[in-house]
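Visitor: TrEMBL lists 60-197 with the feature domain 'Semialdehyde dehydrogenase NAD-binding'. Per TrEMBL, the feature active site maps to 205.
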Ligand SMILES: NC(=O)C1=CN([C@@H]2O[C@H](COP(=O)(O)OP(=O)(O)OC[C@H]3O[C@@H](n4cnc5c(N)ncnc54)[C@H](OP(=O)(O)O)[C@@H]3O)[C@@H](O)[C@H]2O)C=CC1
Ligand SMILES: CC(=O)N[C@@H](CCC(=O)OP(=O)(O)O)C(=O)O
């Protein structure tokens, strides 16, 4: 079978899962075995002979909101994916245009033109990425065929408590039945539920960067759930392509500013995930900032450790929790996570540092808001839902410099 790296490249480049699985079952390679086990534990309908038979088959995918930032990022990632073929792309104001006229970097990709959702034929589609503004999304998803697998990147289905959605978003929820069947798609935390889900609420970018380090630490009772202070920074693409003044070079360059101070719309989502982990209500102080960079996100999190716990304990727990994970990487001690080291990739880098105040620790995590914070995690989730190895199409190295 050859070396670990040749085994890895067979699995990923050719989508040859069955061959890979057989080899892995007989090997002592633990790390790769864990990743491939995702394929092995694919939904029953996709496992076994049927799954082997379709190893080179492509699923047909629609991108709703393909003319936006997260939509174009999905298209970029799928260009290197052996099992998904884009058969439908929609837009609103840009409906009727070709994708290369909207995004010249996507020239000559053999992609369909952008059409309005009302003109879409979903009989040619197995799954959709829904990259639409919140509010609009629930109405549109409600009208989609129930046979479709859906990964929704908006906030519309993320909050289990519909009252909380209505309070924070100032509008009624118009698809409450669908909300009940939704699985929140923080991949590394909810993998088994994601595998069997039809509708995924893909997590927000800030909540992803914050929950990935905090959930394991809270579940292990290593940190106190009171007095969690989170300071996050985002690149401008987080505001979407439709943003106006906020996107202007003159408004962003050579400065930073906070926004949503004391009341940012991601607070209930962050608190929902942390409260689930704690099995009690958690409240946090959260302040986001806009940075003069096109993509990237850092969360710096200040926590009080549980009595008797040390930063060494926090570090060791995160190390063992994420040791087998492809995309979440705990750096070596004292190494500082940089947004530049995850640019364009699906990685989350994190580390834990002792605070100068005894009993407190500082946790830093970085992601690319458009990849692990949006389209990359969405693809990771759809891979799981379709029984494809989770890392397929997501292994590109970050862009540097
Ligand atoms: N940007 C980010 O980092 C992240 C974004 N998200 C979420 O993902 C979703 C998409 O975000 P993003 O790509 O940044 O947004 P953009 O503003 O860049 O793109 C929005 C897309 O939706 C289309 N659209 C807008 N209004 C309608 C409508 N009424 N009916 C149908 N289509 C419509 C737009 O079409 P057209 O261009 O033709 O008007 C465009 O294709 C949002 O819910 C956002 O909150 C989640 C995580 C991170
Ligand atoms: C810089 C910026 O404006 N960021 C957005 C969050 C990013 C995003 O798209 O939020 P969702 O994940 O909830 O969709 C904001 O603060 O509202």
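A Cβ is built for glycine as well, from the same backbone N, Cα and C atoms used for every other residue.
So where do these features actually land, and what's packed around them?
Guide: In the domain 'Semialdehyde dehydrogenase NAD-binding' (60-197), helix, strand and coil residues by DSSP number 53 helix, 24 strand, 61 coil.
In the three-state DSSP reading, residue 205 (active site) counts as helix.
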Visitor: Only counting partners 6 or more residues apart, tell me which same-chain residues put their Cβ under 8 Å from the Cβ of residue 205 (active site).
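Guide: Correct list: 234, 238, 297, 367, 369, 370, 373, 374.
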